[in-house]
Amino acid sequence: MSALVDVPPSFDQISTPLVFLSPSTAHNINLATYIHIASTGILVWDVLNNLRNDWRMVTSCRKLCITMVLYFVMRIALLAYSIGRTFLLTAEIDNCRALQNALMVLIIVSLVCVKTFFYLRVVAVYGRNLYIVGFFGVTWLSTIAMSSTFYKTYGAEHIGPTHYCREIVNGNLLMATLGVLLTNDSLIYIAIAYRIYRIFRDYDFESTWKRKVVMLLFGASLPVGSKVVILESQLYCMLIVISKIFLVVMVATNQAKNSMFVICHLVILVVLVSRVYRELREIGGAGQRAPVTDFQTEGLTSAEFVRAGQTVQEMGKNTEIEKDVASLAGSSMRTASLSASIRTYASDENRSDFRLHALRSGEGESSQRSGFFRSDMRSDTFSKV
């Protein structure tokens, strides 16, 4: 009687590589994959939805500027990272570690571009204050240094004997990196909001403390220029800070498990920063065409305000044209009246009486053309009109 021997199944008979992991680890990997694919879908949708805006922005740009380079590098790097990580989590890879290292380079490049955007905003607001610019320059360099730790923090390895990969978190640098990034973003948000608040705090003299807090956060009762900046950039920056606080709390509770939410924050970060850049660039372009005066927005959004400003400008131009036409028409009528008077009195033998009557009929305008009248009145041709 032959003995029964357990033959291990071949890899082709294994339904999923997750059978080589514990149930909790397999559940976390599945959840991380779903979250990543959903976040990648949002990013791809944002890129496709703004292709026309990006193309218009490129074609309308007279010269290449550093902010535009940062904008496109930031978006392309994160998009490449998201697509590459999708293959890392779902496809068979021969060298998981090499692919993960390449993906970390992309994410570091994207983060550096984002933090450079934030620093340039501070420089634009506090350009004359070297102490503030220098302080945030140091924090900017610290964020770049801490962002580079992603290269060592995240790794990848094969799942059991298969060629499928799973991510691993090495060390405890992730929490420190997120803390530095959160501190920098929060300080920048507060600094810019306070700067704008200081500029316009006397705009409403009878404001209560509650109203001043609302003005500090949302730009209520501020003039158009500051309100556009706050509503279209500061509000988005506040959402970025809130999402980063959520990420820090989640990672602090369980670093290995909740690090899956990093991709969610990165997509929110890049989408909102890109939107801020496009909005401010559009407003800046409209401002070059039509200077914005300081008055209330009356609840208008930035896009409505730009369209309203252009409409008001067109109405002003039309009014000026109508005034010019009316002025020309009045001048023509007075000229016609003067010509009729000239024809009536041209046959008069008394040249002095004719000159006096012409001056009276012109009501002051003939004084500007006196040289013309005198020269023509001396000619025989004019006397025959």
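For all residues, glycine too, the Cβ spot is worked out from N, Cα and C.
Marked as transmembrane segment by TrEMBL: 31-51 (among others).
What TrEMBL lists as transmembrane segment is 63-83 (among others).
Marked as transmembrane segment by TrEMBL: 103-123 (among others). Packing against the transmembrane segment (103-123) from elsewhere in the chain are residues 67, 70-71, 73-74, 77-78, 80-81, 84-85, 88, 132-133, 136-137, 140, 143-144, 147-148, 150-151, 154, 181, 184-185, 188, 191-192, 233, 266, 269-270, 273, 277: each is 6 or more residues past its ends and has a CB under 8 Å from a CB in it.
Annotation source TrEMBL lists transmembrane segment at 130-151 (among others). With a threshold of 8 Å between CB atoms, the same-chain residues lying at least 6 positions outside the transmembrane segment (130-151) that come near it are 101, 104-105, 107-108, 111-112, 115-116, 118-119, 122-123, 173, 176-177, 180-181, 183-184, 187-188, 191.
Below 8 angstroms of C-beta separation, residues 111, 115, 118-119, 121-122, 125-126, 132, 136, 139-140, 142-143, 146-147, 149-150, 152-153, 234, 237-238, 240-241, 244-245, 247-248, 251-252, 255, 259 of the same chain, each at least six residues beyond the ends of the transmembrane segment (171-192), sit close to that stretch. Taken from TrEMBL, the feature transmembrane segment covers 171-192 (among others).
The annotation transmembrane segment is assigned in TrEMBL to 213-230 (among others).
What TrEMBL lists as transmembrane segment is 260-277 (among others). Counting same-chain residues at least six beyond the ends of the transmembrane segment (260-277), those with a Cβ under 8 angstroms from any Cβ of the stretch are 28, 31-32, 35-36, 39-40, 42-43, 46, 50, 67, 71, 74-75, 78, 82, 85, 107, 110-111, 114, 117, 232-233, 236-237, 239-240, 243-244, 246-247, 250-251.
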